[in-house]
Structures are given as C-alpha cells and as structure tokens.
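Pulled from TrEMBL, these are the features on record:
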COMPBIAS  A:278-309  compositional bias 'Basic and acidic residues'
DOMAIN    A:1-103  domain 'HPt'
DOMAIN    A:351-557  domain 'Histidine kinase'
DOMAIN    A:559-690  domain 'CheW-like'
MOD_RES   A:His46  phosphohistidine
REGION    A:270-309  region 'Disordered'
Amino acid sequence: MSTMDPTEVFRQEASELFEVLEGALLDLGQRPDDRELVDSAFRALHTIKGSGAMFGFDKVASFTHEFETAFDRVRKGEIKPTQELISVALAAKDYIRALIEDPQSTDDIIGEAILDDLRRFVSSDRPSAPVAEIAEAPPLAPNESRQAGWHLYLEFESHILRNGSNPLDLLEDLCKLGPCFVVPVTDGIPFLDEMDPEDCYLKWDVKLHAACDKDAIDDVFMFVQDEMKLTLSPLAQVEAPAPAPLFQLLDEEPAPPAETVAQVMESAAPVAAPPAARPERKAEVASEPKSDIKPETAPARREDAKQERGIATVRVQAERLDELMDRVGELVIAQARLTQLASAGSDLSIKMIAEEIERLASSLRDTTMGARMVPIGSLFGRFRRLVHDLSRDLSKPVEFVTSGEDTELDKTMIECLADPLVHLIRNAIDHGIEDSATRAANGKTEQGRIELAAVHSGAQVLVTVKDNGGGLNTARIRAKAEEQGLIAAGAVLSDHEIHQFLFHPGFSTAQTISALSGRGVGMDVVKRTIENMRGSIDLSTRPGQGTIVTLRLPLTLAIIEGLLIRVGEGRYIIPLSAVEECVELTAEDERSRGRNFLNVRGNLVPFLRLRELMAASGAPDRHQKTIIISTGETRVGLVADQIIGNHQTVIKSLSKLHSDVTIFSGATILGDGTAALILDVAQLVAMAQSKVEKQHISEAA
Amino acid sequence: MALNPTEPKWSLRLPADCSIAAIRNVYDLIREAFGRQERLEIDCSSVDKADVTSIQLLLSTAKTGEAQGRPVVLTSFSQSLRNTLRRAGFASEAMIDQHFPQKKDGT
C-alpha cells in the first residue's frame, strides 16, 4: 500500500469542495433566495478553512476566514446575493484555489483587493441600527422571530464519539446562545453486556431560551449534522421570563401526553408556529419517561442525507485504474493466445477452460471499463463558470443549459474533451450569439442560449454544443477559402463542404475573427483532438437561427472491437464501429483498374487497394474482399485479401517515432503474439476522397 | 483501580483516565468486578478525565445492577466527574441521585 501525502489528500478534497462552492455560487446567481445553496456554499468554505488550517495552509485559512465573515451577512439573509457579489465571490474562490495549488503565483495584494471588494459589497447597504435589523431579518418566517426560544432534541449516531466529536462541547456552544436547559435522556443506555463503551447512547433534550435564528443553532451542529438527528421546534412561551430555573420550567409544562401537546401549545400561544402542522412524530421521543418533558418534534432535516450515506463509494487514484486497465489488456491478449492454442489442439478440457477464461476475461474487461466511466456532468459543471464570465465580459446575456449530465464516458475521454469544448463554447458566445441590439432587431429574445448536451447513441456518445445565434456566414467562408486558394473561384460546393474549411489549419486569421461571423479560432485543433480520440466533429447551421456542433465519441479509448483482416502477409485491424458491410470484389470491379469505384447497390463508392497501400508482396488472393467503412456520410471500400474475423483489440499507442505515420492509429498484439496495426479510418477516408478529387481534376484536364 | 479483598465488600477504584481513549479498559475492569461479587462499590475519587463515555458506562453499570438486583454503589465523585456530569445536563444532586440511585457521598 502506498501512503498518500496528506497535503495531496487535502488538495484533492479542496478541489472537490471548490466545485461545490462554484456550483452553489453560480446557482445562487439564478436563485438568490435558495437558502440551501447559501448553506452549501458556506459549508464548503468552512471545511476549506478548517482543513486548510489543519494542513498548514495558514494563508488559505485566514483568507477564507475573511471571506466567510464577509459572506456571513448573505447567509443571515441580511443582504441579497447580487450578480456583482457573486462575481467577487467567484474571484475570491479562484484566489483560494491559487493559494492552495500554486501559492507562489499569488500575491497578497490581490487577495486584499478581493476582500476589499467583498467587504464593500456586503457593507454597502448596512443600515445604521444593526440590532433593529436582526429583529426584522427573517421576514419569511414571522413566527420564528417572535418565539421565546427553541426546543431541541439531539440524537447522535453511535460512532460519533470515535470521530473525536464531543457532544458536551456542542451543548456548551448551545448554552452560549442563551439560557439553556439540558436534560440527558438515558433510556437508550444498554446493559453492560450489550454495551460498546465507545458508542454514544445518551441523547439530550434541550430548551434554549433565546430568540436566536435557526441558523445560529445549525451553526453549532454544522460539523456533525450528517451524523446526528436534530429535532428542532420553536418554544411557545411568548412572555416567558428568559432565564427560568429548571424546576420552574418543569412546572410550566406538566408532562402533557404527546398527543395533546399541540392543543396545549396552541391555546397557550396562538402566535407560535402551530406544531400540529408538523407531519411526523417520533414514537421513541414520546416515550421518554424520566425527564418529564414531552418534546414535540419536527421532522429531522438531515434524514435524507443519512439515507444517501448508504451508497458506498471508494476513492481510487486515477493511475491505479489505468494500471488495472493495462493489466486487463494484457490478460485479454494472453487469453487470445490461449484460445488460439486450444483451438489448434484436440484436448476438449483445455478448450473448455479456454472458453471459460474467455468469458471471464470479457466480463472483467467490461467491469473495468465500467469502473473508469465518469458522468460527463463533472465536465459540464466547469463550463458554467466559463459562460458566466464570457457573458459578463462580452455583455451578452447568455443562458446556459445542459442535459445528459449522467451520460458516462471513459475518464481519459473526459479529460481530453475539456479543451475542445472550451473552444466550442467560447466560439459560440463570442461569434455565434449576436449582441443584444442585433438580437432585438431580428426579433429574438435578448438573452442568448447555449445548450450543451450529451447522449448515448449505440457505441458512441454524441456531445452537442448548440447556440441560437446568427449561424455561419457561408458566403464569407467561401470568399475566405477562395482568397486563400483552397478552392477555385466558382467551384461548385455544397454549404456543408464549405463549412468544412473552418477546420482547415490557419483558416481563420486575426482580422477575420470579428468580421467573420463563422468559427475558425482553433477549430483545426479541436478537430484534431477529437479525431485523436477516434471521434468525429460535425457542423450544421441555419442562418439566423444558430449553429450546432456535434462531436461523436467512442465510449472508451482502451479496448475496441475490431475486424481482423489480412493483406499479403500482414494483418490489420479495422475498428468494427466504422465497418458498414463486407462485399466481395467482383471480377467486373477488378477489371475497372483505372476507375477505382465500386458499385454498391447503385451507389458509387471509391475504394482503396490495401495491397498497393501496404506494398504487400506475393500474389494476391483470387477472391479479393472489400470492407466498406464509413465516417458519417462518406463511404470508402478497402480491398483486402482475407477477412479473418472479429477481434477484441487492446489498443497500444504507437511510439513517438511513428508520429508521422498517418494511416495507422495504433497497434495491438494478436493471439499468436504477433503485432497488428490498427487502421485509421478517418485518414483512409480522407485519402480516398483526395484520390477521387485528383482523378476528377486529371479527367477534367 | 486495585481490588481490595480485605474489605468486606469489593471496592473498585476507577483509574484517572476514564475518557474514550481508555474507556474500553475501564469497561473490562467493571465487567470483571461485576462477575466476582454480589455487591460492588465503585470509587470515583481519582477520575481525572471523564467524558460522555464515562457517564454512559456508569449509567449502564447502575442500570445493570438494578436489573440484576445486585447493589452497585458509587462513591466519592471527583470534581472532574462532577463537572462532566454537569455539562451533560445532570445539573443537580437530585438528578444525579435519580440516575445513579445508589450513589453514596464518600466525602
């Protein structure tokens, strides 16, 4: 077992917390009244502060503390989280992140400036009499502000003491809020023989005579609220003198039966929140025998969270998963050898074992790949910030909608997807969405809209970026292409073909970015990245209505189903997902040497002779086979000597020495230990296309 | 902490540390003493560190003794134990008496 550096653990934990914080802040921009969001942001901050201090990130702790203090007024509901405030809070979050990840790069001055901003926002509307303000602070719950205090019932999970939490400290904190009567509930204590001395059995029934906020009480239990049941209900004594001695208190409430509490309370204090409205009563609570107090209860608000704890997850280092995948790959290769060996022999029992192992290996492969799957939502979350910032910087209001966050992709794919998607979204906002004035003139809503969606489609995942902007300006792209000499003036091209020029390296130049409504900035890089993942990218646009960019991606990078073929002496793999059909190369097609077109049910399909491409020696087989492969709309035939069959292909990437090899995307090891190269479908299709075009030109000449 | 066989009744003196860190030992001590003798006296005078687990253990001991009809007497609560009891809400002597019915003040 390798032990992890605790600082590293903190960094990881913090980075997750940052995501929570950022998500909460961004959501808060849209739903400023959602208390749950404010709380979750605050909890994340608080944990960062606490753990930061524990691991010696003192600067982080002190900055976060300041941040927290400033943000506190938002939490108390005293000020609204405005867009400006959230922008500053996001900047503060970024600063803390920098403090943790790269402290050298940060400057105290920046931190101070952010804090000043933050303080300015939260104090700008501070009224002169803060005391009066607290009294009117929670207008949403008029009942709560008038009540005399709180009735709490505390029940901790049994392991809580082992975590180092001390209920006695919590009780003490509670007492600091105001006069407090704590009554221990001892009926949970088991007999000696049934007892685990380290478990927590005691429960407490507390009456707090202070007109404090519910939040103040939640604060006390902030760190243990997932590990306890806190039942909270307002005390219904309006004119009760605050510090009443214990016995007087007991006299005031002469142990009414639980069922009648509601009536008693209502008649005693009509202004108090009617406890009868509480939907749930805990039988165990009502059976408390000795303390002479029957607590009327509200549903424990943490119950949902408790149930969720049942779902167990394990955090595993990504490298270990990679390692596991490698091992499984090796196993699949070894298993292929075994199968081959078994099928060559005549021993029946070995054949059976080989089959068994084949079955196990393939299910192990599926499980391992499943373990590497990550919901794409983790990636989508990052773009909300991007859209928020861009929308602000370019002053184009943009609504960002995501769907299909649950769609799972291999984690390596997710990592590779981040940059291309940033490009696409940036382009969509920068060039796609028009400014407000133009939108209004065209009768569109003022707010632009960007949709990011992921959906499963067979063995592929489709990721689409859709905007409702102005669409591509085909005429300008064409003009630009002609200017750069990519097409002859007046050549007949479909709109779709013209749009492909956007993926041409260096197509978009600086002076055209703003003039051209189309994309182009780094689109060639996007295309290359996607193709390296064996995916494809497609553009479709409707003038005035918007553009959709579709990325098609394979589910995984590590193992694919392939079609094993033989060309001369060499064997090659074609990814099965690209194969459409296999046909025999007829004598007629064979004769048409010069044309290289195949008649597939009336459609002309260009084909490539792999024997020529690979410079294979020896005589070709008599009956040549054609494998029709396709990328989206384009189909190309590949002529091979023999189709061997289906092959589970563990992809080994080619070394840097082979980086200039274009028609192969990788290699694999076959059952007999020899290597086979994996054909790069996209490149082959492009090659066949260019060949066809050359032919056209030479025929025309 | 030592068991004193010369006394007519068994007296068990609790160790100084009765906090969660050591409570398992204390638990074993009490259970062992419980197995030996009808009448059990627990001397709490040297308890220096106490927490929720100490209170629970004493409550359970008293409860078990009561259920089995075997007298358990707690004597000489130390200041530390008293503080802990008070913090846990056993605010008055009356309440302590209620939960530790056979408590006898040893001072």
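Glycine residues also receive a Cβ, built from the backbone N, Cα and C atoms like all the rest.
When other Cβ atoms within 10 Å of the Cβ of A:His46 (phosphohistidine) are tallied across all protein chains shown, the result is 17. As a summary of secondary structure, the domain 'HPt' (A:1-103) carries 83 helix, 0 strand, 20 coil according to DSSP. Secondary structure of the domain 'CheW-like' (A:559-690) per DSSP, as helix, strand and coil residue counts: 25 helix, 67 strand, 40 coil. The average pLDDT computed over the domain 'HPt' (A:1-103) stands at 80.
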